[in-house]
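Note sheet for the following structure.
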Amino acid sequence: MGRAKKVVLAYSGGVDTSVCIPYLKHEWGVEEVITLAADLGQGDELEPIRQKALNSGAEISLVADAKDSFIKEYAFAAIQANALYENRYPLSTALARPLIAKLLVDAAAEYGADAVAHGCTGKGNDQVRFDVSIAALNPNLKVLAPAREWGMSREQTIAYGERYGIPSPVKKSSPYSIDRNLLGRSIEAGPLEDPWTEPLEEIYVMTQAIADTPNSPEYVEIGFERGIPVSLDGVAFSPVDLIDRLNQRVGIHGIGRIDMIENRLVGIKSREIYEAPALLVLIHAHRDLESLTLTGDVSQYKRGIEETYSKLVYNGLWYSPLKEALDAFIQQTQQRVSGTVRVKLFKGNATIVGRKSANSLYSPDLATYGAEDQFDHKAAEGFIYVWGLPTRVWSQQVRTP
């Protein structure tokens, strides 16, 4: 008896997920494989991918256009949270996993599948993100992970696929593992496994080399409503169009590259290269607008929430009770985060040069040092005395002979 009768497989068209199809059938006795490819704005023609799944042995090959949901329900929530894992990675790949997991669970219910499957290996974070998200959405649904168990090297996996007529797009001269969606690209493996090796320029697609960027700066005004980006230079765009347009405008100036040593959930360090032009600039601009519209204590407290939030998303806990509780707090903080942020794009730098909001808590009359100054300077002496009283009492007890 096989491990499952009918399986919905998360499918990308790559080597691992393509090999999963014959492997599930011939090694694990699965009777029917349904593949699901999610269109998250990765730029691939999905009809050839759908056809490749059928050619690889799938009975049904599905394509789900999930771009709008991806941006509105996942990316925008992360922007409101200023989510940066280890203060650098904007979770462009990690954010896609809970959405794909939801699509798998929904497809399994629709087609009566008794299991879902993915092509993640046992070393990465994605296996955790898929398995935990699926368990949160349907704890009774079986999850199969062939690549985690088959014990084949990359070369052996390619050879196995070739036995079943599956061509490999990976060339010896380009051994990188690449994941892409509308939010960005992640690149790893091959020469990048040496943390001292400088990445070749050829691995970058969304961002221009600094030497090739324009010699004049470009300015973009990003409009936010309740923490959600809604416009560029005063023109409203749909969520998908806004990200797409901003990616192009930011990337041409060489902005959005990340080269980092990352601490994976499974306990190992990994060298990762990311491109996320729009997402990084939006988080940068959003955080600046918060500094204008939130009180100091809320803003400071939210910083700690943001770190926890980022770890939860990175660690596959998008659907966890704690994540939902943090969502409620973050949404409350965003009610007044509306306004416009002006960003200067030039030679790899995105510099905030202006911000404005009808909800601004900045008072020019209180902040100025000019004649218009309305701050009561005489009040400072009493404030300083009360503020410093605990320190003064401590000093009298400890330092006084």
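Note: Cβ is positioned from N, Cα and C throughout, glycine not excepted.
Copied from Swiss-Prot, the annotated features are:
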- Ala10, Tyr11, Ser12, Gly13, Gly14, Val15, Asp16, Thr17, Ser18, Ala38, Gly119: ATP binding site (BINDING)
- Tyr89, Asn125, Arg129, Ser177, Ser186, Glu262, Tyr274: L-citrulline binding site (BINDING)
- Thr121, Asn125, Asp126: L-aspartate binding site (BINDING)
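Look at Asn125 (L-citrulline binding site): DSSP puts it in coil. For Tyr274 (L-citrulline binding site) paired with Ser12 (ATP binding site), the C-alpha to C-alpha distance reads 19 Å.
Between the farthest pair of Cα atoms in the ATP binding residues (Ala10, Tyr11, Ser12, Gly13, Gly14, Val15, Asp16, Thr17, Ser18, Ala38, Gly119), the distance is 16 Å. With a cut-off of 8 Å between CB atoms and residues at least 6 apart in sequence, the same chain places Thr17, Leu36, Ala38, Ile100, Leu104, Val116, Ala117, His118, Gly119, Phe130 near Ala10 (ATP binding site), listed in sequence order. For Ser177 (L-citrulline binding site), the spatially nearest entry among the binding-site residues Ser12, Gly14, Ser18, Asp126 is Gly14, judged by CA separation. For the L-citrulline site, whose annotated binding residues are Tyr89, Asn125, Arg129, Ser177, Ser186, Glu262, Tyr274, the maximal Cα to Cα separation is 19 Å. Not a single one of the binding-site residues Asn125, Asp126, Arg129 has a C-alpha within 10 angstroms of the C-alpha of Asp16 (ATP binding site). Neighbour counts were taken at the CB atom with a 10 A radius for the binding-site residues Tyr89, Tyr274; the maximum falls on Tyr274.
With respect to Arg129 (L-citrulline binding site), the closest of these binding-site residues in Cα terms is Thr121, chosen from Ser12, Gly14, Ser18, Thr121. Rounded to a whole number, the distance between the Cα atoms of Asp126 (L-aspartate binding site) and Ser186 (L-citrulline binding site) is 13 Å.
A straight line from the CA of Asp126 (L-aspartate binding site) to the CA of Glu262 (L-citrulline binding site) spans 14 Å. Sequence-distant neighbours of Thr121 (L-aspartate binding site) (same chain, 6+ residues apart, CB-CB distance under 8 A): Asp16, Gln127, Ala147, Arg148. For Ser12 (ATP binding site), the nearest of the binding-site residues Tyr89, Asn125, Glu262 in terms of C-alpha separation is Asn125. A Cα-Cα distance of 29 Å separates Tyr89 (L-citrulline binding site) from Ser18 (ATP binding site).
Gly14 (ATP binding site) and Glu262 (L-citrulline binding site) are 24 Å apart (CA-CA, integer value).
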